[in-house]
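Reviewing the structure listed below.
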Amino acid sequence: MSIQITFPDGNVKSFDAPVTGLAIAQGISPGLAKKAAVIKVDDALWDLNRPIVRDARISIITRDKPEALEVIRHDAAHVLAQAVQELFPGTQITFGPATEVGFYYDFARDTPFTEADLEAIENKMREIVKRDLPIKREVWDRDAALKHFEAAGESFKAEWIREGIAADEELSIYRQGDNWLDMCLGPHLPSTGKLGSAFKLIRVGGVYWRGDANNAQLQRIYGVCFATDDELKAYLKQMEEAEKRDHRKLGKQLDLFHQQEEAPGMVFWHPKGWAIWQAVEQYVRGVYKASGYQEVRGPQIMDVSLWKRSGHWDNYQENMFFTESEKRTYAVKPMNCPGHVQIYNAGLHSYRDLPIRYAEFGGCHRNEPSGALHGIMRVRAFTQDDGHIFCMPEQVEGEVTAFHQQAMQVYADFGFTDLAVKLALRPDKRLGTDEAWDRAENALRAALRAAGVAWEELPGEGAFYGPKIEYHLKDSIGRSWQVGTIQFDPMMPERLDASYIDESSQRVRPIMLHRAIVGSMERFIGILIEHHAGALPFWLSPVQAVVAPIVSDADGYASEVCELLKGEGLRAQADLRNEKINYKIREHALQKIPVILVVGRKEAEERTVTLRLRGIDAQETLPLDQALARLKAMR
RNA sequence: GCCGAAAUAGCUCAGUCGGUAGAGCGACUGAUUCGUAAUCAGUAGGUCGCAGGUUCGAUUCCUGUUUUCGGCACCA
């Protein structure tokens, strides 16, 4: 039988069926066959040696293409699995996909893998690559597969066949050489030799079977993998650089903050770190004012009955701190919203007053699981740039759109342009009817559409009271953190009895929007530090300028210059230590001070200063008033 | 919270196959006044995370615990 194969350029050629991708590639050129990784058949990626038996549009995917890279990484996972089973018989295989930079595979084994094991496993992987084992796809009968894996003691694979694969679904098995196989959707490279050498095992960690904490604990081995050795090398280099930007490291080096054993998950802000905080806070306060918020302040602890009414006690009591006095139990606030509702409820509101927007730099405590703590990014005591908008349902879309635009402007002002916008939809554990959730989710979608942004939807990730839009930023090693959010909440007004009087004098529930732009001040400052590698923009730098005299004869003049700068509201210091100018320059450069003003005898006599700006070796000497004007312009 | 690892001077780290520890930087003191990324010399500084156990003797071995790190789960 002959089939028609359509090539990417539109050419059509007849082949005797079955024909494989590899054969087609060889027909074009041996070079292409060598570079080929997989073949795209219509819109699906297939193995090169999988027989094509029908008319199809095809394109050969060479190993330098992104789609091929995913296959290479997936292959690496399988080679890893085989290596582990050869080295550690009795270890069960489960799943092993490609990731953004490599791959992982999850194993069930009683004995933990050690760092030394990783080295041995990686060597075994290279050996399997060298053996160049053919990789072949087979379609198995479901019962046969079940029987095989059960007989092999692979209970996790067997469970997956029973519970994870639909009865009518095709079950594919990939054989790697004669003695090893795995159940897998594929596609894969034609042989292990095609994997190449650009991979490296990097760490091992514990995970739960099927991502559920109630299930068995597995061990996940992570690797990184690229198409070429140069790319791997570049990646490892980049990671090394990224580690230098770690906010925990820079926080210490730049003397911004510290944390200690007696206060896990909490931050001791040092003067320089607090200066950054103040700069951020004053900026955000300006945003509050500009966008119609009134700043308020609620109490830090409130009777637990209030938290029972709000629903927080039911959902989060495990993660709340409590304190007691005179036989009453108080909850240390984990959120500011119930407090804001009390402020709202203290007065009577007409529909004409809405929207009412309250804002607070609200300090919250949440007893986060110990394993979740991470520097100042995930803490147990934090401050939100929190705000709550009480409005009518028809005002929601406009408020959300306005918020979005304001938030994007704020991120841009701090130097962030690469934001991920996500829409978190109804979770399993929730309040309210499905109809209410439909309305809420659609209102947020409409607002995002109106704002003209692309967003990702996250089913099941919403808050218990409503859906939310989330804004995410990445840290130096690629971990994604939520910063801003706006959340739709029809539940809290109901539970805490908030209302307004509508046009026909009826008491009606407002909608409440919870919103934050920087989110947690702690987390945001952590991300700021990493994003700028500690070299914060001038307006955020804790010390904006250092005046450094060359000889002690210039000390008086240096102090005068420093006082002048401070008088203009700049954060300046004079470095009058008995050290050489080289020493001072080096130290302040390492401290990432944006401006160093060097003054020697000459400057003191002529009333000039020599400016040295961060990142620029060239110097410029200019009169004091001009230098001052220059610095003021940098704010 | 779960799996794994780690914790030594202010910081970065070395070390002790069980005999109570060392470097560099920093700090302090003195000398030096030196024009754009480290001047020289000297001094001080540590219950080796905490609590038990084994031992003649523990920072080292064992157990527990706290915190941190990596991963997962969680993240109102």
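The backbone N, Cα and C atoms fix where each Cβ goes, and this holds for glycine too.
All TrEMBL annotations are machine predictions without curation.
Binding of Zn(2+) is attributed by TrEMBL to A:C337, A:H514, and the same site annotation extends, among A:H270, A:H388, A:H404, to A:H388. Each residue in A:M335, A:N336, A:H340, A:V341, A:D386, A:G387, A:I389, A:Q487, A:D489, A:M492, A:M512, A:L513, A:R515 lies on the same chain as A:C337, A:H388, A:H514 and has a C-beta within 8 Å of the C-beta centroid of that Zn(2+) site, without being one of the site residues. The Cβ neighbour count for A:H388 (Zn(2+) binding site), using a 10 Å radius and every protein chain shown, is 27.
Taking H, G and I as helix, E and B as strand and the rest as coil, DSSP gives the domain 'TGS' (A:1-62) the counts 14 helix, 28 strand, 20 coil.
In the predicted model, the domain 'TGS' (A:1-62) shows an average pLDDT of 92. Around the Cβ of A:C337 (Zn(2+) binding site), the number of neighbouring Cβ atoms within 10 Å comes to 25.
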